[in-house]
Amino acid sequence: MTSFQEVQLQTSNFAHVIFQNVAKSYLPNAHLECHYTLTPYIHPHSKDWVGIFKVGWSTARDYYTFLWSPMPEHYVEGSTVNCVLAFQGYYLPNDDGEFYQFCYVTHKGEIRGASTPFQFRAASPVEELLTMEDEGNSDMLVVTTKAGLLELKIEKTLKEKEELLKLIAVLEKETAQLREQVGRMERELSQEKGRCEQLQAEQKGLLEVSQSLRVENEEFMKRYSDATAKVQQLEEDIVSVTHKAIEKETDLDSLKDKLRKAQHEREQLECQLQTEKDEKELYKVHLKNTEIENTKLVSEIQTLKNLDGNKESMITHFKEEISKLQSCLADKENLYRALLLTTSNKEDTLFLKEQLRKAEEQVQATRQELIFLTKELSDAVNVRDKTMADLHTARLENERVKKQLADTLAELQLHAVKKDQEKTDTLEHELRREVEDLKLRLQMAADHYREKFKECQRLQKQINKLSDQAASTNSVFTKKMGSQQKVNDASINTDPAASTSASAVDVKPAASCAETGFDMSTKDHVCEMTKEIAEKIEKYNKCKQLLQDEKTKCNKYAEELAKMELKWKEQVKIAENVKLELAEVEDNYKVQLAEKEKEINGLASYLENLSREKELTKSLEDQKGRKLEGQSPQQVSRCLNTCSEQNGLLPPLSSAQPVLQYGNPYSAQETRDGADGAFYPDEIQRPPVRVPSWEDNVVCSQPARNLSRPDGLEDPEDSREDENVPIPPDPANQHLRSHGAGFCFDSSFDVHKKCPLCELMFPPNYDQTKFEEHVESHWKVCPMCSEQFPPDYDQQGFERHVQTHFDQNVLNFD
């Protein structure tokens, strides 16, 4: 039958969806629920729908109304699912007497299920009415509706059902309780029988044991009281020991932190000491270099002073000679006029001509000496310019060193402030951490103390309970023994056999049971207490041993800390001594810098005074030269002849050319060093004998740069190369040789300044320092010794010069 139904369901498409509980009629314009079941032969889709069709439909479009079939939740393919749809009343047809049916239509338009036909009819009052007898045993008939009758019946059945369910539950509980009571009674009966047999055998032994247990109980109570006192004492000792251990640990941690800080500070001080030593060596080297430069400047200034002194003496001498020559010229003019008037002898005239020629030659020699003096003066001005440039570089170097010193001091102060701030921060952080640790340890100790206190209270309660139980059992036992004695006396008079059996069954089991229970509980408690006391004694011994170990460790750490403190104090003393030495070095360096500044300022003022005096002497010489040019050579010769005849002051003229007393320090010649100013008179360019004319070209020799290294820093290879290289001729000397005329220096300074490198012209009143800075900007400067090199100097040679400072370990601080 089942196989036939399955085949029929598979073959019939209208049976894939089964509609449940379809009534014969429904009310129009009322809510309608449609219950249907999806069989495993259909796969639901979200576009499937259920429609109400008139019976006799032909296609799926002949529906009256429809609703979308919801997709079932948690649908498993191949399973049966129940679904419900609710049609609203205003979508349903009216009471038209037609038959309708539900149809399930898939999303493809296939009808896969149809219900039984039904109608939409309004309920008539006649059909709904029923007659029934009155429940009050009267002969009256009651007319009611079917719905009301059905509701009454349903209410009655539900009430009866509830009452029956309550009654069934009560009966089930009672039966279960009765069964449990029966089983319990049976078990108790069997247990009581066995217990009576055991207790009868154990009663005699327990009576004796009870006495011994009482004595033992008293002893154990004493022991327990002693043990509790010892436990309290041990707890107090443990708390004190833990506090001491915590204090020692905190002290040890603080000492370790201090030790680490001391080591860190020592390392920092060592690093600072090393850096300060390096700076000290640098300052020493720099001070040496500045002292060398200052000695050179002092020697140059001394030479300039000597030159100025000699030149001043020569200027005074020449002034005297010029005054004497002027007086001689005046006398000779007078004599010449008198001779012309008085004598006409030719011999006298020839003699006078000869004297006049000698006087002219002497005047020419004095003029040449004056020219060379002006040349030497110009050379001195050039030397002054060079010294001013060197002085400017020395000032710049001094300012740079001062700035570096101020920067280093500021950095040291900032570093010290940062170090102090870091120390305070770390100390504050460590103190906070120690406080938190101490709080945590105190909290743990308090918790441990609370636990121990609770445990002691619990043991005290157990002891009190045991003592109460012992007292109660003793009283019960005495009462039972008294009652048993009375029963035994009564049973002797009546029925000895029955009385003995009854007493054995009634009294002995109760007394023996109480005694055995109490004794077993007391034994167990005593064993537990002895175990706890032994454990606490072991803990106390362990804590004592740990405390001893901690004391030994603390002593060791204290000794190590004392040693480290001594070392730290020694390091602090060393650091303070080093700081004092550095402070002394800095003070000495500052004093030396102040002295050097004073010397430089004095030299600058002295050079300014020299330049002013030289300008005055040049202006005086110009005036005197102009006066001499205004007189005729005959008058000069007459004056010289008269002076020579009267005073005999004219020396005989030598045929040798005049020699400079102080050579030109900037002429092109081979010297030992470019800065020493040592010259040889045989190598100086001498002017020709002819009388110089003021119309000749004026040539000013430009001071040449010092291309040699400082003393002690020469490269032997470079010196050998320099010996083979030919010395370039001085352009000023070439100019003199090409003209073949005497050197003449125009003392007037109304000429434009010209840069010797880029040939840029500057006005006469242009600032000398700016002009020197412009000229120096073309030159290469050594970063170590501040030596200057021309712009066309070989780059490799310049690099070799810089490397020589490092090759000879000038800046080696080891």
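Cβ from N, Cα, C; glycine included.
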* Site from S467, S475, S693 that Swiss-Prot describes as phosphoserine, others unannotated there -> S693
* To do: Could you tell me which of the ranges 131-157, 374-400, 779-805 is annotated in Swiss-Prot as zinc finger?
  => 779-805
* Which stretch, out of 239-265, 293-319, 752-778, is listed as zinc finger by Swiss-Prot? -> 752-778
* Out of S69, S632, which residue gets the phosphoserine annotation in Swiss-Prot? -> S632
* To do: Determine, to the nearest whole angstrom, how far the Cα atom of H774 (Zn(2+) 1 binding site) is from the Cα atom of H805 (Zn(2+) 2 binding site).
  => 28
* Structure fact -> For S225 (phosphoserine), the spatially nearest of the binding-site residues C755, C758, C782, H801, H805, using Cα atoms, is H805
* To do: State the count of C-beta atoms found within 10 angstroms of the C-beta of C758 (Zn(2+) 1 binding site), not counting that atom itself.
  => 11
* **Averaged pLDDT score, the region 'Oligomerization' (320-420)** => 78
* Hey, how far is H801 (Zn(2+) 2 binding site) from H778 (Zn(2+) 1 binding site), Cα to Cα, in Å? -> 18
* Take the Cβ of C785 (Zn(2+) 2 binding site) and count every other Cβ within 10 Å, whichever protein chain it belongs to. => 17
* Tally of helix, strand and coil residues over the zinc finger (752-778) according to DSSP? -> 9 helix, 4 strand, 14 coil
